[in-house]
Every structure is written in C-alpha cells, then in structure tokens.
Amino acid sequence: MSDFENLSGNDKELQEFLLIEKQKAQVNAQIHEFNEICWEKCIGKPSTKLDHATETCLSNCVDRFIDTSLLITQRFAQMLQKRGGGDL
C-alpha cells in the first residue's frame, strides 16, 4: 500500500512539473505573439536602426498587451475564487 501512496505523491509532483512547463510554454507563446503583433503595428520597413518613434511604439504596444493580460488573469482568478467559495 505504501508503494501506491508514493506513486500518488510522484504523480502530484509530475502534475506540478507539467503545469509549470505548460505555463512557461504559454508565456513563450505570448511573447512571440506580442512580437508579431507589435512588429506588424510599429515597423513600417526594416532598417538597420530603430528610430525613437518606433522604439516608443514597440514599448507601448507590448506594455498594453501585458497590462491587458494581467488584468484578464486577475479577473479570472477572482472569478475562480468566488466559484470556489460558492458565490458564483
């Protein structure tokens, strides 16, 4: 019976590891999405150097997406907490 309990503990560790790896993959995918969207929005034609306006556009673009993503994540967490508490 102790082998079964250890297996269950190992399964939990594996699940946590997989969850962390999935979150890392999601962050990487989001970064690539930001890059693509902001590149299309801010870069008219590639050159050897970014001008100030382009740098500002890229920075603002990424900041907007990060702020929006954080807001959505926070709201989703709040909804889950309410649901867990039986309020939803």
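A Cβ is built for glycine as well, from the same backbone N, Cα and C atoms used for every other residue.
As written in Swiss-Prot, here are the features:
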- C38-C61: disulfide bond (DISULFID)
- C42-C57: disulfide bond (DISULFID)
- 38-61: motif 'Twin CX3C motif' (MOTIF)
Task = Check each residue in the chain of C57 (disulfide bond) that is at least six apart in sequence and keep those whose C-beta is under 8 Å from its C-beta; list them in sequence order.
result = C38, K41, C42
Task = Please classify the secondary structure at C61 (disulfide bond) using three-state DSSP.
result = helix
